[in-house]
Amino acid sequence: MRIEAAELRILELPLKFRFETSFGVQTKRTILLLRLFGEGLEGLGEGVMERLPLYREETVAGARYLLEEVFLPRVLGRDLPNPEALREALAPFRGNPMAKAVLEMAFFDLWAKALGRPLWQVLGGVRQAVEVGVSLGIQPSVEDTLRVVERHLEEGYRRIKLKIKPGWDYEVLKAVREAFPEATLTADANSAYSLANLAQLKRLDELRLDYIEQPLAYDDLLDHAKLQRELSTPICLDESLTGAEKARKAIELGAGRVFNVKPARLGGHGESLRVHALAESAGIPLWMGGMLEAGVGRAHNLHLATLPGFTKPGDVSSASRYWEEDIVEEALEAKDGLMPVPEGVGIGVHLKLPFVERVTLWQRYMSAS
């Protein structure tokens, strides 16, 4: 597979609602969109890094520089027979998994199309629909939270995840648990706590949470292992997992009993497959996380979530929850708590180019010649 050309864009999409977490508020999403061209085909990748390094260290500006000045010049015009060859081409460059993932996932789409197969089959998936839940940002009040939770349960979502932080945790989770005693309920702290908050976190054991996600520092494993020994509630690791090596160490330390997989955070599908294999061998359940993706990233996530190790409902909920209009033609919508995987070869979605043009802030076309 020879990569003949690439088009890189920065898009800005307004969210339909204010999304608050422990580290800030989002009302719009900046998206890095990559189109790869080769052998008459097009592969699509989407970057989910943010303008500021609030989730992980990587940013839109940094990823744009690496793709435009380093990664794409290194692969344009090269014959890359498979994604492993692309991985080897990028291996000299340390870190930056989110920037690498944009290129790698676009290449996976291109490669699957060249094979004439849907991506989920190429990855080893076993289903054509994925169980999904919703991730709810911090609401203005407990009463508002209860109303939003009730609406999403009525829509059929199979898991409710609430964002929490010190001062917005036990009481809101207790209210939801009492109102919906049979709901699958989880909490996501986005690194808002430390071991000094042990007493607060132990109180959450009363609430029958399916797990508490990333309670401690974004790059930590050791303290999560200490905390897990104190809690009956499983800890789910998110930000701390940046690749298969970190996953291996997390398993050895006992730092978490559940893993959140985000291919964009891990460096793409290849590294996600390696994490999947480690987790399966250790008996650790996986679920597909979300980063407020538009249609390209959402489609990639759905294809990966068809692998057998993904046994818990993920965050890949309906696109219409987030956007008045998406960047792809296909409607990616859940029904009765299930998201169908897009049909067709590759990731199975096509850009809605007139809309993409309207929301483009910057673009550059690069060719091998």
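Positions of Cβ are set from backbone N, Cα and C atoms, glycine also.
Swiss-Prot names D188, E213 as Mg(2+) ligands; from the candidate set D144, D169, D238, the record adds D238 to that same site.
Taking the centre of the Cβ atoms of D188, E213, D238 as the Mg(2+) site, the nearby residues of that chain (Cβ within 8 Å, site residues left out) are K161, T186, A187, A189, N190, I212, Q214, C236, E239, N260, G289.
Listed binding-site residues: D188, E213, D238. The one with the lowest count of other Cβ atoms within 10 Å of its Cβ is D238. Spatially close to K262 (active site, proton acceptor) yet at least six residues away along the chain are V48, D238, M288, G289, G290, M291, N301, judged by Cβ distances under 8 angstroms. Taking the C-alpha positions, the distance from K163 (active site, proton donor) to D188 (Mg(2+) binding site) comes to 5 Å. Counted within 10 Å of its Cβ, the other Cβ atoms near K163 (active site, proton donor) come to 23, all protein chains included.
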